[in-house]
Amino acid sequence: MACAAVMIPGLLRCSVGAIRIEAASLRLTLSTLRHLTLTSIMKSKRKTDHMERTASVLRREIVSAAKVCGAASESPSVKSLRLLVADQDFSFKAGQWVDFFIPGVSVVGGFSICSSPRLLEQERVIELAVKYTNHPPALWVHNTCTLDCEVAVRVGGEFFFDPQPADASRNLVLIAGGVGINPLLSILRHAADLLREQANKRNGYEIGTIKLFYSAKNTSELLFKKNILDLVNEFPEKIACSLHVTKQTTQINAELKPYITEGRITEKEIRDHISKETLFYICGPPPMTDFFSKQLENNHVPKEHICFEKWW
C-alpha cells in the first residue's frame, strides 16, 4: 500500500484488563527499528515494497509493541486482526496505516487501520484486515499468526479525516475497491462516532452526509457488510451506501439485495454527489483511484477536496 494524498463474526474480544502489557516493554529501540527498516529495504527486490513506496510519507516517531487479541475470517481471502496496544502515546487519525513489524520476518508490512480512533481510546485496540498474498507479512498473518502473538506498529500516512470542532461542515463521499475499504471504514466509523457525539452533547464537529460506494468481485468479498449496513440503519438520514459486485455468480440474499448494484461504480454516480461542501476519499487499485480522481478534477472538484490512496 502506498499513500498519495492531495491535501466479525466470531471475532475474539479483548480488553486492557484481560491482557496486561507493561508500556515500557512495548517500545522498540531506535537502533532496532533502524535495523528492521533497513534490512527490509535491502532484502526486498520488489518495487512495490511498502517501506520503499512510503519512504517520503510522514510517520509518527512512536513504535509500539502490540499483542494479537482477536482474529477472524472476513472473507475467503481476508483475515481480520485485533491488536491490543497498551502504549498510551500511540494514536492515529481515521484513514491512516501502520508499519507492521513481525519478529523473525525481515519484510515490514503496511496495513491500513479499519477501526475508529474511538475504539483505541476506549479499549486500546486497533483492527486490521489483511488480504492473502505471497507477501511475507500477509503470509504470516494468514498462516502463522495466533492469539497472543506479539508485533510492533508505527502509524503513518497522509490520507485521513480528522475534522476539528470549529471546522466547516462537510459531506463525505467514500469510494472503495476491494480491500481499499479498510481506511474508508475507519473514516466511516469515525464519522458515526462524530454523529453520536453531536446527538448526545449537541456540540463538537457537525458532519454532513456520508455516501459510501464500495466495489468488489462478489458479495463474499464485500468486507464488513454487517458493520456498514448497521451504520446505514443507525443513521438513515446521514449515512448511505451503494455496494457493487462485478463478477457475482450466485444469488444475492434478500437482506443485501436493496444495496447491491451489479457492475462497476460509474462516473455518473459519483458526479451526482459533487458539491462545494463535499470531500472525496478514494482507496483501491491504482487504475480505479486514477480514474475517479481524474474524473473529479475534470468536473472541477478542487484538488484539495480529493484524497486518494492506492493499493498494489
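Cβ coordinates are placed from backbone N, Cα and C, and glycine is handled just like the others.
Since this is a predicted model, take the numbers as computed values, not measurements.
The signal peptide feature in Swiss-Prot is assigned to 1-17.
Annotated domain 'FAD-binding FR-type' per Swiss-Prot: 50-186, in sequence order, evidence recorded as sequence analysis. Secondary structure of the domain 'FAD-binding FR-type' (50-186) per DSSP (helix as H, G, I; strand as E, B; remaining residues coil): 28 helix, 53 strand, 56 coil.
Per Swiss-Prot, NAD(+) binding site is recorded for GLY178, VAL179, GLY180, ILE181, ASN182, PRO183.
Proximity of PRO183 (NAD(+) binding site) to non-local residues of its own chain (separation of 6 or more, Cβ distance below 8 Å) is seen for ALA94, GLY95, GLN96, TRP97, SER112, ILE113, CYS114, GLY157, PHE159, PHE160, TYR281, CYS283, GLU309, given in sequence order.
Predicted-model confidence for the domain 'FAD-binding FR-type' (50-186) is 97, expressed as mean pLDDT. The binding-site residues GLY178, GLY180 differ in how many other CB atoms lie within 10 Å of their CB, and the one with the most is GLY180. VAL179 (NAD(+) binding site) is surrounded by 25 other CB atoms, counting those within 10 A of its CB over all protein chains shown.
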